[in-house]
Amino acid sequence: MSKGIVLLAAGGTGGHVFPAEALAFKLKERGYSVHLVTDSRAERYAGKFPAEEIHVVPSATIGSKNPVAVARSLWTLWSGMRAAKRLIQRLKPVIVVGFGGYPTVPPLLAATRLGVASMLHEQNAVMGRANKALAPRVKAIAGGFLPESGDVFSDKTVATGNPVRPAILAAAEQPYLPSHPGEPFNLVVFGGSQGAQYFSKAMPTAISLLDDGLRARLRVTQQVRPEDMEMVSGCVAKLEMGADIAPFFNDMAERLAQAHLVICRSGASTVSEISVIGRPAILVPYPHALDHDQAANAAALAATGGAKVIPQSELSPERIASILSHVMNDPDKLSHMAAAAKLAGKPDAANLLADMVEAIAAGKTVSEFKRTRA
């Protein structure tokens, strides 16, 4: 018999959906039924999501200064809140948990107005706009990188870490095996769940600048956006090297486990997954993020020695080639970075978050939960 329904709400990108998925697996193991509220984009990432049902509720971003666009967005949000209210009244969840992104706004607002227990999980070191708007209303906040002191919402924040998917936990069981000079070197390049055009342009040029011996060692996995596939594939073909190029890899966890070096953006899920698996990384924060959240996430891992942070403006193809030339012949350095990243990882984040969800659903305060955790 189910302990009750937990309604998870997540924006439709991998960065929001993946940690919600990890929590969903834990809650199902504990006897709960899980439903997901999201938007239409999530279908790409929610294929393995263990939800009884996935509900799409209208939502919108209020980012335009155009009065007509703002009015349209407000109407969509109001419609979404009505739909979310009906959904919550029908499902009667014991708690609603939001993972960020504007699709979480209608269900979380509806939950707080209906008196249903509610909490947020913020993946980043800087709170996103949707979560920031909802934070004063919810009972508790779980943080991937948020502090438990010194912040306006610290009194109801628990630093759980970011839950990672079962595939990542399985990959974390594989030790880091360094590549010595002359041996194949696995390089994984990706820009988060939606790709990064910058890497599509920079990496082929950087690899072309390597000497023949180093280039022959490279085994590249590179995620590229669909519109960049033809360009990158053509460049790789000219280089006559081993490479897997695709818009999305369903086995990315295994590819990360095999990596000797990762070059990537620094979204919260990415940083968390790299640290749990324990792989050295060059982190290139997305430069146009409004809240500079990726820079803060990257700094957190770099402080442990598990990664090096390089702003995109400073990372030319020539510099990438120089970095690869050095680290491909310095396995000890990469091994030390891998070990430091592993120490920074929080593989038990999903269990701790599930504990917190159960406590808040049962009516406990954050202070009470912290005391029982100590």
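All residue numbers here begin at 1 and follow the chain in the order shown.
Each Cβ is built from the backbone N, Cα and C atoms, and glycine gets one as well.
Per Swiss-Prot, UDP-N-acetyl-alpha-D-glucosamine binding site is recorded for THR13, GLY14, GLY15, ASN124, ARG165, SER193, GLN294.
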Candidate with sparsest Cβ neighbourhood (10 Å radius) among THR13, ASN124, GLN294, the listed binding-site residues: THR13
Neighbouring C-beta atoms (10 Å sphere around the C-beta of ARG165 (UDP-N-acetyl-alpha-D-glucosamine binding site)): 21
